[in-house]
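These come from Swiss-Prot:
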{"type": "ACT_SITE", "residues": "Ser111", "note": "active site, charge relay system"}
{"type": "ACT_SITE", "residues": "Asp159", "note": "active site, charge relay system"}
{"type": "ACT_SITE", "residues": "His191", "note": "active site, charge relay system"}
Amino acid sequence: MKHDHFVVQSPDKPAQQLLLLFHGVGDNPVAMGEIGNWFAPLFPDALVVSVGGAEPSGNPAGRQWFSVQGITEDNRQARVDAIMPTFIETVRYWQKQSGVGANATALIGFSQGAIMVLESIKAEPGLASRVIAFNGRYASLPETASTATTIHLIHGGEDPVIDLAHAVAAQEALISAGGDVTLDIVEDLGHAIDNRSMQFALDHLRYTIPKHYFDEALSGGKPGDDDVIEMM
């Protein structure tokens, strides 16, 4: 499928992980690729791709997944739902191209990109094993969740665009629904990603053990070989 993208890193041998990055409104995949450069050295066997939004935005070089003109709490979910099949198809495309399954796929988004990665797991549970949502939110809070995906919310404490309250509400909803979630608040940070945000993200991918591993251990089971994500 044809879509705007920027390959940050492509390993010489078959990829062991897939990291897909999604930018905010008006940005582009090359710019978001700078974030990918933080992940690439720590995951040398990963295919790292920054994916552009499906449609142009007001900025001549910018892209978006859905328009924010006239957006409200009442119509946001419908706009997300309208483009979601294309978003999921894009993730599936890169999984097929890389030969990497959902168990070793991480979706990383900022702002509108974070909305899309969060909503994609709501629409297609198990699409990826990890989600990192920088300064994002759900269009509407999830009522169900599973531990198949570990969700890491990283949010600026002073975000004037997407209020921190949305991240707190998302964490509470996911916990209530039985999901696997972490929330890190970056003090004094607005609607942006800084070094502290990145350190939270890198540490989670390397060191945070998914909750379902503990659940399987407590039940006397163990993860299958195809259910182990080498992100840690």
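Here, residue 1 is simply the first one shown, and the rest follow in order.
Cβ coordinates come from backbone N, Cα and C, glycine included.
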Problem set entry | Inter-residue C-alpha distance, Asp159 (active site, charge relay system) and Ser111 (active site, charge relay system) (nearest angstrom) | 11
For this session: With H, G and I counted as helix, E and B as strand and the rest as coil, say where DSSP puts Ser111 (active site, charge relay system).
Result: coil
Exercise. Could you tell me the C-alpha distance between Ser111 (active site, charge relay system) and His191 (active site, charge relay system) in angstrom, no decimals?
Worked result: 8
For this session: Across all the protein chains here, work out how many other Cβ atoms are within 10 Å of the Cβ of Ser111 (active site, charge relay system).
Result: 25
Exercise. Which of the listed active-site residues (Asp159, His191) has the least company, meaning the fewest other Cβ atoms within 10 Å of its Cβ?
Worked result: His191
